[in-house]
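Reading through the structure tokens given below for one structure.
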Amino acid sequence: MPRLLPYLLLLPATAFLCLFFLYPFVQVAHDSVMRNGVYTLENFSRMAGHWKFSTAFWNTMILAAVVVPIQLAMALTMASIVTKLQRGRSTILYIFAIPLGISDLAAGLIWLSVFEQSGFLNSLLVGLGIVDRPILLLGYQNTWIIFIAIVLAEVWRATAIMMVILVAGMGLIPKEYGEAADVFGASRWQKFRRVTLPMLKPSLQTALILRVILAFEVFAVVVALGGTQLPVLMSETYHWQFAMQERGVAAAFAMVILGVSVAFTILILRLLHVPKGARV
Amino acid sequence: MSVTSVRRAGNRVFIAGVALLILWVLLPIWLLFVNALSAPAEVTGFPKRFIPSFDLASLSFFFGFSGVVDALWNSVKVAALTMILSIGVGAPAGYALSRFDFPGKETFRFLVVMTRAFPLPLLALPLAVMFIRTGLDDTITGLALVHTTLALPFAVLITFSLFSGIPLELEEAAWTLGCTRLQAFTKVILPLAAPGIAASAVFAFVISWNEVFAAAVLTIENRTLTAFLLQSIDVSPLPLKFAGGAALVLPALFFIFAVRKYLFAMWGIANR
Amino acid sequence: MAVIEIKQVAKTFGSFTALHSVDLTIADQEFMVLLGASGCGKTTLLRIIAGLETPTTGEVWIGGRRVDHLPPRERGIAMVFQNYAVFPHLTVFENIAFGLRMKKMDQAEVTRRVNRTAELMHIEQLLKRYSGELSGGQRQRVAVARALAMEPDVILMDEPLSNLDALLRLEMRAELKGVLAESKTTTIYVTHDQVEAMSLADRISVMNGGRIVQAANPVEVYRNPAARFVGSFIGNPPMNFLKAEPAGAGKWQVAGQVFDGPAAAAAEFAIRPEDLHPAEAGLPAEVRVVEPLGPHTLITASVAGQPFRAVLESNLLPAPGDMLRLAPVPDRIRWFDPATQSAL
């Protein structure tokens, strides 16, 4: 009995993950190469052949490439601040963590209130006399403003998750190392660069993997702020599944997102590899 | 400049930076609530005031809008079911991982951690078909099952770290004092882990409450609030959007406050 | 009231063997100490007796009943843990009452027993507190009281004093000895502290590498180590060992001196540092370090190129570099077989 007990306890979770995680992914892979009952790559060629595909693909990539580094820098700053604070630490941590609980759709709506034509940004611009009357910020002729709005919303919403991981990681680094660096005459920046950052690698790994994957999944923020004017991979997937009723092509999109996610996960694991003996 | 004045200047920069970051986080939320607490005419009007008029017309318009109350209620039901399922399924697994060494343990942990390297909402696509076959399509249960898949890895990892934080000695002491395994768990481990388990339950609730893609894919009639807002986003007027956004955000503020102590348990363990 | 018999108990963790076929019998009401360095298997053996670990092979009998297949709760034991394991969510009273409540004892009896053991351990004024409000020493007392309240046949203690500071440890040691003698239970006590072992034990089992090397009363273990390991582990400073060359017919030459010894093919000479005194003739020792410790002086020297320690009277203060002649007390000399490491 005691030998079987752990398996008994794991059984529900394992069954659940097999049924709702492994099986669907096998299924989606299967769907992506199946069309009218025959195995074919036609779904992929239809996907790649559509004029929106490369736009959606590159929008997603560029968005991730812009958003993730900004978030990394901000999350590191916020985590350093929280770690350094003596008074008010828990309050400020709570405030910094608030966006963690906010859905991407809500974040999109929040930034919509800033960027829409009668929104707060226009009110401010007019109030300051920079423009005479409100301008249409989120229109098709200013795709770059939509892009900026999405970047802001993403940075605003999803930096918190990285910050919390990094704060936890910094908490695991014993204070003595920083003090030792002080004794050996390191400046603040040197201390951060040479002691904190290398020791933070495992947390950075976790944070980056999570964040990059979420960045490829960007969806509701884009829809809320740009409608269909700035296609991304996830919104195209949704579009093919619903509007076009083409499950095969939607599955092909899913495989692309999956492929990119796995590739980047492996890349991050490689780049930030920490040998077993060198961990805190 | 003397050393102290340099330090004082540095401190000022530091405090200003903190203040700026706080503003960066809170201001957008404030603006959303300004819109939600102003009359519809003010919401669509121009220019905007940065202080709400505390007119509840937007909110009453939102709650009176056909389908909103149902969607809200659906969101609560799905999230509650997700919470129960993910803890019910995840906590035993977390306990097993923290207390036993057995062949296959690393494989299971790998399976759990791997889920985070996949864009999980995508699995709603094939599940939509499976649900139609099993009659789970467009149901609260079906969506809760998918949301549980999203929340389960977190539930497992959080409870794993919680149970690992309770010394095995306490449980062993209970055994030597006459407890069966189950009694030791209910009399010693559960009272100690309860607040953390509650926090991870809240976290599961938030994951479900906020999820958009799977909810939009899997529900048609029984839409959750996020699905409702997304699917009507092209046609709904601004006051409706902002009131809806506020309705999504408000619970999140309380939830994050409730689990703030456990934010680290969720992630600290993920680094090992 | 119980005899404990351990029959050929072995335990392996994967490819690591923690215990090699251990046999040990502990008499009723005996105070048995398992002594050894960390990793010697002493805690594993205790946990097997408690039922927290299952032996890979072998049998455990408590009070004439085979228990190795039984869970801890059915073995009639109580245990005191290294980190005390005082339940943080219960008051001291409820902690002590925990085991009694599991036995469904009526409230009057629970109260009576809790009060009695609390009094015995001098914690009656702490009954309403929680573990977080107690000092380490107080927690220790609660843990012992909780075990005593069960009135068990056997009390198992896993390094119970190792987390206390030195003074408190001394105080608790004396108190434990009194309380446990009075309770008339059989006690098995695990420690790595030899002073603790010597002061508490009726018998000490010295363990090394998953084996019991010697099980005997403290004086015997100290005076007549059954193996080289026991001599080198017990005593502070431990025994000195020197190479010996056969000099014919039970005679051995050690550092130029000839001693009577066993008739054997090979032998190693051993002497405790306090069994030496300066003399005209003796082992030639070149003094390296001199440590005056008050009651006596500790000399670290080199005898025929091998490290050697001697505890001398404190009025003797040689200087580093001096040559001393140290004569061993003849009947305190011990001999070990270099091949088997056991006493000759």
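Numbers here mean position along the shown chain, with the first residue as 1.
Glycine residues also receive a Cβ, built from the backbone N, Cα and C atoms like all the rest.
What TrEMBL records for A:7-26 (among others) is transmembrane segment. Counting residues 6+ beyond its ends, the transmembrane segment (A:7-26) has Cβ neighbours under 8 Å at 258 in the same chain.
Beyond its flanks by at least six residues, the transmembrane segment (A:56-79) meets 96, 147, 150-151, 154-155, 158-159, 162-163, 166-167, 169-170, 204, 207-208, 211-212, 215-216, 218, 230-236, 256, 260 of its own chain at Cβ-Cβ distances under 8 Å. Among the features that TrEMBL reports, transmembrane segment is placed at A:56-79 (among others).
Marked as domain 'ABC transmembrane type-1' by TrEMBL: A:57-268.
Sequence-distant contacts of the transmembrane segment (A:91-114), counting only residues of its own chain at least 6 positions beyond either end whose CB sits under 8 Å from a CB of the stretch, comprise 78, 81-82, 85, 120-121, 138, 149, 152-154, 156-161, 163-164, 167, 218-225. What TrEMBL lists as transmembrane segment is A:91-114 (among others).
If you look up TrEMBL, you'll see A:144-168 (among others) marked as transmembrane segment. Long-range Cβ contacts of the transmembrane segment (A:144-168) within its own chain (Cβ-Cβ under 8 Å, at least 6 residues beyond either end) map to 59, 63, 66-67, 70-72, 74-76, 78-79, 82-83, 93, 96-100, 102, 104, 107-108, 110-111, 114-115, 137-138, 200, 203-204, 206-208, 210-211, 214-215, 218, 221-222, 225-226, 229-230.
The transmembrane segment annotation in TrEMBL covers A:208-228 (among others). Within the chain carrying the transmembrane segment (A:208-228), a Cβ under 8 angstroms from the stretch's Cβ atoms is held by residues 60, 63-64, 67-68, 71-72, 103-105, 107-109, 111-112, 115, 138, 146, 149-150, 153-154, 157-158, 161-162, 165, 234-235, 238-239, 257, 260-261, 264-265, 268-269, 272, all 6 or more beyond its ends.
The transmembrane segment annotation in TrEMBL covers A:248-272 (among others).
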